[in-house]
């Protein structure tokens with residue numbers, strides 16, 4: 001018994017097994033995930049190129065969209081390389097400190113994405129409910145302050161998670177039943193009292209995702225009240241149309257987020273179902289966001305078409 005305890009005392013490496021129960025088809029599962037990652041990378045890179053050069057997109061909504069695109073790129077880079085290495089090359093081993101680093105970046109970027117969605121909801125609220133003061137409220141300085149607050153909140157709150165894990169020394173296993181280093185998946189390896197880790201993880205989830213979701217929801221209740229008070233049907237449709245892209249992004253992000261969160265802690269779903277859904281939750285929104293906003297925004301569609309035409313002409 002003592003030798004077993006010693007073998008998992010302050011482990012230097014952990015083992016990620018990928019998707020339990022689907023190891024025999026992981027190689028093929030990697031291809032659709034690669035496709036999703038490529039769509040996310042190309043789409044968000046296009047947004048980061050188009051928004052700065054298109055003057056008509058120099059508005060708060062699209063500045064927040066550019067920050068969201070950068071966040072989505074970070075998520076893809078944090079998750080995809082190691083996950084695909086597990087699926088295709090059997091690269092299961094990972095340094096424990098590298099695992100904690102990946103854990104920090106994944107959850108911090110999730111928190112930033114949630115905060116940016118709240119900032120975008122606030123922008124739509126001001127634009128529809130108080131349009132005359134929109135430019136005076138959402139000044140460039142105010143936008144910078146909002147983005148910094150979102151980044152600092154996510155960094156500070158999530159940064160404590162790996163610190164709390166690092167203080168623990170005794171592990172009953174070093175095999176993480178997941179395709180990436182997720183907080184609760186690592187906590188389940190520990191052979192010590194982890195009540196603080198679990199409680200703080202819940203606090204972070206509700207302090208970021210729960211807080212943001214409540215206020216996004218309140219913002220849209222107020223927006224819909226203002227829209228339905230407009231006298232003309234055309235004005236109502238135009239106002240509602242400016243919100244549809246954000247509503248779609250908001251729904252797909254938070255529905256997948258909370259399903260993944262609650263199923264991992266309180267649900268009784270199969271491990272492979274949970275891991276597939278949690279991976280989809282992290283990779284699909286970064287791929288869908290540029291498509292949704294690209295379809296809804298004329299300037300983005302035109303710029304993408306121009307870039308594609310120029311490229312075909314050069315060839």
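Cβ atoms are placed via backbone N, Cα and C, with glycine included.
Look at TrEMBL and you will find 27-50 (among others) tagged as transmembrane segment.
Taken from TrEMBL, the feature domain 'G-protein coupled receptors family 1 profile' covers 43-293. The predicted model assigns the domain 'G-protein coupled receptors family 1 profile' (43-293) a mean pLDDT of 88.
Among the features that TrEMBL reports, transmembrane segment is placed at 62-80 (among others). If one looks beyond the transmembrane segment (62-80) by at least 6 residues along the same chain, the residues whose Cβ comes under 8 Å of a Cβ in the stretch are 33-34, 37, 40-41, 43-45, 47-48, 51-52, 102, 105-106, 109-110, 112-113, 116-117, 119-120, 123, 143, 147, 180, 279, 282-283, 285-286, 289-290, 293, 297.
What TrEMBL records for 141-165 (among others) is transmembrane segment.
Taken from TrEMBL, the feature transmembrane segment applies to 200-227 (among others).
Within the chain, the transmembrane segment (239-260) has long-range Cβ neighbours (under 8 A, six or more residues past its boundaries) at 110, 113-114, 117, 120-121, 124, 127-128, 209, 213, 216, 220, 223, 226-227, 230, 274, 277-278, 280-281, 284-285, 288-289, 292-293, 295-297. For 239-260 (among others), the entry in TrEMBL reads transmembrane segment.
What TrEMBL records for 272-293 (among others) is transmembrane segment. Away from its own ends, the transmembrane segment (272-293) comes close to residues 19-22, 33, 36-37, 39-40, 43-44, 46-47, 65, 68-69, 72-73, 75-76, 79-80, 83, 106, 110, 113, 177-180, 182, 245, 248-249, 252-253, 256-257, 259-260, 263-264, 300 of its chain (Cβ-Cβ under 8 Å, at least six residues beyond either end).
Counted over residue pairs separated by six or more positions, the transmembrane segment (141-165) shares fewer than 3 Cβ pairs under 8 angstroms with the transmembrane segment (27-50), which leaves the two as not touching. The list of residues near the transmembrane segment (200-227) in space but at least 6 beyond its ends in sequence, with Cβ under 8 angstroms from a Cβ of it, reads 107, 110-111, 114-115, 117-118, 121-122, 124-125, 128-129, 153-154, 157-158, 160-161, 164, 183-184, 187, 236, 239-240, 243, 247, 250, 254, 257-258, 261, 265.
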